[in-house]
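Visitor: If you look up TrEMBL, you'll see A:34-52, A:93-119, A:140-161, A:195-214, A:235-256, A:288-309 marked as transmembrane segment. As annotated by TrEMBL, domain 'ABC transmembrane type-1' applies to A:94-309.
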Amino acid sequence: MQEVTVQPGAAPPLRLEKKTRSSELKKRLWRNKWLYVMLLPGVLYFIIFKYLPMYGLIISFQNYKPYQGIFGSEWVGFEHFKRLFTEPEFFNILWNTIVLFALNIFIYFPIPIILALMLNELRGNFFKRIFQTLVYLPHFMSWVIIVSISYVMVTMDGGIINELLSYFGFEKINFLLSNGWLRPMYIIQVIWREAGWGTIIYLAAIAAVDPGLYEAARMDGAGRMRQVWHITLPTIRGVIITLFILKIGHVLDLGFEHVYLLLNSMNRQVGEIIDTYVYTAGLRQGQFSYSTAIGFFKSIIGLIMVMLVNRISKKMGEEGVY
Amino acid sequence: MVEDRSISGRIYAAINFTLLALIALITVLPFVHVVAGSFTTSAELAAHKFVLIPRIWSWDAYKFIFSTNTIFRAMGVSIGVTLVGTLFSMFITSLMAYGLARRDLDGRNVINFMVVFTMLFTGGMIPTFLVVKELGLINTYASLILPSAISAFNMIILRNFFQNIPEGLEESAKIDGCSDFGILFKIVLPLSMPAIATISLFYAVTYWNTYMSAILYLDDSTKWPIQVLLRQIVVLASGMDHSSTLDGTVPPPDQTIKMAVIVVATLPILMVYPFLQKHFAKGALLGSVKG
């Protein structure tokens with residue numbers, strides 16, 4: 001303040017500069033007006049279908065009644081969240097979700113890496129391409145198709161798997177209607193659909209490895225396995241970590257569709273996860289606010305997990321995902 | 001990799017090849033089984049269990065499923081939603097991607113952040129359902145398209161692709177008096193055909209596979225797309241679930257009929273698969289370029 005009054009002559013040009021800057025901005029905005037017109041539909045889409053629902057999360061603090069609307073419904077504070085943590089049912093669902101997530105991380109996650117390494121060892125592009133064509137295919141099938149094909153194969157009445165079991169003298173197994181088989185079926189279907197497709201990104205990373213490194217390693221007497229262990233794996237480490245973070249971020253996002261399609265009254269005990277429970281409680285039973293609270297809880301955990309893992313990976317000297 | 005001609009190297013390669021061949025076989029075998037099973041009679045399927053190549057060929061299952069118009073109707077819905085949805089999505093996605101690809105645009109970072117944030121945090125199923133309901137979209141085909149019209153992922157892939165087009169091209173077009181829309185449609189899009197093809201196919205596959213939107217937003221079973229109908233037909237037979245469809249007049253479908261419906265629902269994907277394959281790896285990698 002002092003200095004400004006001491007040198008009054010300095011102020012006007014400063015103001016002038018500001019003025020020209022803002023008029024420059026106006027000019028730029030006007031020049032780019034058609035670009036903003038182009039952005040408009042997209043921005044509207046994100047506001048209406050992504051940000052309005054985020055705003056709608058406030059109904060988890062209300063007793064939302066469809067006829068009263070967001071503005072007319074009664075406020076109940078953290079009531080629904082309290083209910084969440086006192087209901088034993090919720091912990092069962094949380095546990096089911098965590099188990100499926102753990103299967104994804106510990107069983108599914110390494111498979112595309114191993115496949116990519118194996119594929120990289122394959123000589124000749126011809127076989128490589130045939131293999132890729134075949135294993136990428138299931139990725140483009142809907143979960144409905146994947147689950148339906150599994151269904152006709154494992155059903156008790158005439159499914160080929162059960163027919164083979166009985167042909168070889170084993171008991172038939174009711175895969176579809178048992179608590180014990182839901183999780184194995186889930187993870188097998190995930191592997192079937194996604195493992196092949198999952199190799200793409202690793203293959204690209206492997207292709208970027210400097211061939212001279214292999215040459216040098218061979219000179220030093222390293223076998224194929226050692227080359228993979230000491231050269232290929234370390235170079236694709238960054239990609240592995242990035243994909244791992246993304247996977248963790250989707251910790252509770254196991255795909256509503258897939259699990260919902262596997263569910264029935266006989267395996268709900270182990271199969272009901274947060275996503276399917278939100279659907280059942282919210283849309284089937286009309287508990288809008290309570291199920292929104294559950295969904296909210298899930299989204300928050302997901303966000304926290306991504307930020308956490310991202311920070312850890314940055315501390316470890318890796319690039320984060322954002 | 002350079003070939004290793006030692007004995008251990010050959011054994012290693014042989015084992016690796018065999019394992020991969022087995023994996024590929026296991027991956028496609030279920031599809032082959034279902035296709036083969038759909039082209040035989042139920043008696044044949046029941047009598048000779050492992051049908052990879054049926055001894056008796058038959059169109060019975062297909063004749064049966066096409067005897068009512070249920071399948072035709074559902075296929076029609078799916079084809080319509082896929083065509084309209086893909087066009088609409090591509091249109092607004094490329095407009096947005098192009099706007100955000102221009103580095104001189106004020107507010108670009110804010111909008112970019114707005115898009116990326118939706119990949120990390122969402123309002124979830126129920127609030128989205130309420131928005132769709134408030135907009136009066138329940139029981140309309142638009143509910144299968146609008147709520148998922150732009151995939152943030154696809155938009156970012158396309159934006160990155162546009163960003164790599166040399167700016168000089170756009171500038172010289174501008175000097176020649178070309179408008180922003182002109183630049184997009186006459187210069188940028190024609191130069192981006194590989195990316196456009198990839199993203200279109202991604203969208204088309206997503207629309208064809210639409211299931212969740214349909215069960216959330218459509219109560220009217222005459223509007224069901226093929227995926228929902230497929231689910232009903234496959235599950236209906238063993239009485240595993242509650243609801244039933246197929247107009248309630250049809251006897252529970254047997255294995256061959258279920259297989260035929262699976263094939264019908266899968267066929268369009270198989271038909272575009274060669275095109276998909278040409279582009280998809282490239283597309284998936286474009287996506288790995290960080291935004």
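Numbering starts at 1 and runs along the chain as it is shown here.
Just so you know, glycine gets a Cβ as well, placed from its N, Cα and C.
Where in this structure would I find these features, and how exposed are they?
Guide: Residues of the same chain that lie 6 or more positions beyond the ends of the transmembrane segment (A:34-52) place no CB under 8 Å from a CB of it.
Residues 128, 131-132, 135, 183, 186-187, 190-191, 194-199, 202-203, 206, 228, 232-233, 236, 240, 243-244, 247-248, 251-252, 254, 259, 270-274, 277 of the same chain lie 6 or more positions beyond the ends of the transmembrane segment (A:93-119) yet place their CB under 8 Å from a CB of it.
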Visitor: Can you name the far-off residues of the same chain, 6+ from the ends of the transmembrane segment (A:288-309), with a Cβ under 8 Å from a Cβ of it?
Guide: 56-57, 59-64, 66, 73, 76, 80-81, 83-84, 90, 244-245, 248-253, 274-275, 277-279, 281-282, 321
